[in-house]
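K.L.:
My questions all concern the structure below.
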Amino acid sequence: MLLSFHSHSSSPPKLHRSPENISPELRFSTLRRNSLRLTPLKHSNYRKFVSISSEKKKIILASVFNNGTPTSSFDYDLVIIGAGVGGHGAALHAVEKGLKTAIIEGDVIGGTCVNRGCVPSKALLAVSGRMRELQNEHHLKALGLQVSAASYDRQGVADHANNLASKIRNNLTNSMKALGVDILTGVGTILGPQKVKFGGVGLSDNVITAKDIIIATGSVPFVPKGIEVDGKTVITSDHALKLEFIPEWIAIVGSGYIGLEFSDVYTALGSEVTFIEALDQLMPGFDPEISKLAQRVLINPRKIDYHTGVFATKITPARNGRPVIIELTDAKSKEPKDTLEVDAALIATGRAPFTKGLGLENISVVTQRGFIPVDERMRVIDEKGNLVPHVYCIGDANGKLMLAHAASAQGISVVEQVSGKDHVLNHLSIPAACFTHPEISMVGLTEPQAKEKAEKEGFKISIAKTSFKANTKALAENEAEGLAKLIYRPDNGEILGVHIFGLHAADLIHEASNAIALGTRIQDIKFAVHAHPTLSEVLDELFKSAKLSDEESSPARQPVAV
């Protein structure tokens with residue numbers, strides 16, 4: 001099944017997409033073990049804590065693990081090119097497996113997610129959420145609260161995002177240093193089988209050898225032709241996260257994850273927003289029913305208008321007292337349609353892989369629109385369709401699923417393989433979330449995707465739904481706008497997809513994603529017990545409402561005496 005979308009659309013991640021299309025943006029993520037204090041310690045592998053200041057009672061961990069002993073004739077067992085969330089997760093897992101590990105980074109530790117994506121965007125969204133709540137007099141009055149007019153300090157908000165990114169970046173760096181991972185500064189280039197060079201401007205070149213190599217170089221914002229980015233009035237998400245100014249009117253090109261989240265931030269801080277979407281509907285790629293509800297809640301009541309079915313074929317930054325000029329073209333007829341004049345434009349048309357300068361030609365690998373071809377085990381494939389020995393690619397650079405936590409999961413999967421244990425990651429079990437207010441989350445297939453699969457493979461699907469309006473905790477919070485949707489097979493209870501729009505949807509989705517990952521059927525999960533009153537009961541009711549052809553569950557485990 002091939003899924004594709006136009007490059008002007010910033011849609012949620014899709015599986016098995018056509019290589020002719022630019023993949024959507026890196027999605028905002030959960031970091032794996034992003035601080036030293038969260039790293040599990042093995043008693044036999046760590047030394048005593050050493051006091052460095054009795055006055056301040058500070059302690060540090062002198063050494064947690066030994067960073068392995070390399071296989072004979074190699075400098076390292078594993079070299080990872082790229083120190084984003086994917087590379088970091090792979091490095092930590094490799095050290096746990098006893099592999100001598102090095103990670104090469106030419107920019108900053110943490111990559112896009114920590115420095116220009118997941119982390120700072122969540123800081124901005126935390127601010128927008130609180131502003132939105134403080135500005136909602138009806139909501140506060142219903143709770144019996146009275147609050148005077150809310151305001152914000154733009155620089156203070158920007159500093160909050162920057163400080164959070166710095167803190168997480170330092171945590172990631174310290175965790176790798178504590179484990180003994182060698183952090184090599186420079187641009188990594190593959191010279192040939194099991195040989196890597198790293199260096200850069202002002203740096204001397206160094207050549208190292210490794211039994212296995214992981215490419216984890218991530219992605220950069222994709223900017224369509226005809227759009228001139230000046231970093232001030234025409235910006236990408238990289239610039240927007242610095243929050244250097246709040247425009248009165250901003251156009252957002254693309255209505256996927258990035259576009260939706262920034263519309264939430266900008267409208268909460270006082271901007272008017274215009275969406276420009278190439279496809280015929282907003283939020284393409286989300287489940288259509290969820291998109292419809294989300295538009296009613298997230299777009300229609302706010303200072304947002306939109307143009308669908310149009311391309312932003314030319315965008316000129318503001319200069320000489322003139323505003324940003326956007327020329328719109330009809331997506332079907334390719335005829336000029338309209339011209340917009342706005343204060344700023346945010347290009348949220350997805351992300352493109354960063355794979356230049358890797359030396360792929362030295363191992364006979366040809367990218368497909370920049371993406372490195374891999375198999376289901378993340379093994380790199382050369383131009384003749386053969387596997388390249390000892391070379392793997394994870395994360396945005398392979399385009400399978402452009403989410404930071406997917407990159408980390410892929411990295412862990414690869415380490416399992418190079419450690420001698422076969423492992424294949426089920427990408428349909430990886431959740432995604434959009435951190436608007438309320439949030440949107442999903443895992444597995446949308447309803448159209450499930451129908452296509454069912455028709456192809458000859459089975460029927462069923463749909464179950466529950467509303468947040470029936471949930472006690474949501475009603476107590478006065479945040480009962482929301483829907484949970486289950487797509488499943490009634491014949492065997494297989495969960496095909498779950499989609500949630502509502503309060504804390506990003507947290508709720510993991511019960512469903514773990515069920516898919518573990519192969520848990522509805523017959524079993526519907527008997528799980530959820531605390532009352534909690535939002536988790538939305539999922540409890542969802543699974544209980546499913547109607548199955550065969551209600552027989554698997555044998556129950558022996559009861560545990562308490």
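Cβ atoms here come from the backbone N, Cα and C positions, even for glycine.
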K.L.:
Need the matching range: TrEMBL marks region 'Disordered' on one of 1-22, 23-44, and I'd like to know which.
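P.N.:
The listed stretch tagged region 'Disordered' in TrEMBL is 1-22.
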K.L.:
With reference to TrEMBL, specify which of the listed residues Cys118, Cys393 is paired with Cys113 by a disulfide.
P.N.:
Cys118
K.L.:
Name the residue among the recorded positions Cys113, Cys118, His532 whose Cβ has the smallest number of other Cβ atoms within 10 Å.
P.N.:
His532
K.L.:
List the Cα distance (Å, whole number) between Cys113 (disulfide bond) and His532 (active site, proton acceptor).
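P.N.:
Cα to Cα, Cys113 (disulfide bond) and His532 (active site, proton acceptor) are separated by 35 Å.
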K.L.:
Where does the mean pLDDT land for the domain 'FAD/NAD(P)-binding' (76-411)?
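P.N.:
Mean per-residue confidence for the domain 'FAD/NAD(P)-binding' (76-411): 94 out of 100.
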K.L.:
Just to verify a number: CA distance, Cys118 (disulfide bond) to His532 (active site, proton acceptor), in angstrom, no decimals.
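P.N.:
Checking the Cα atoms of Cys118 (disulfide bond) and His532 (active site, proton acceptor) gives a distance of 31 Å.
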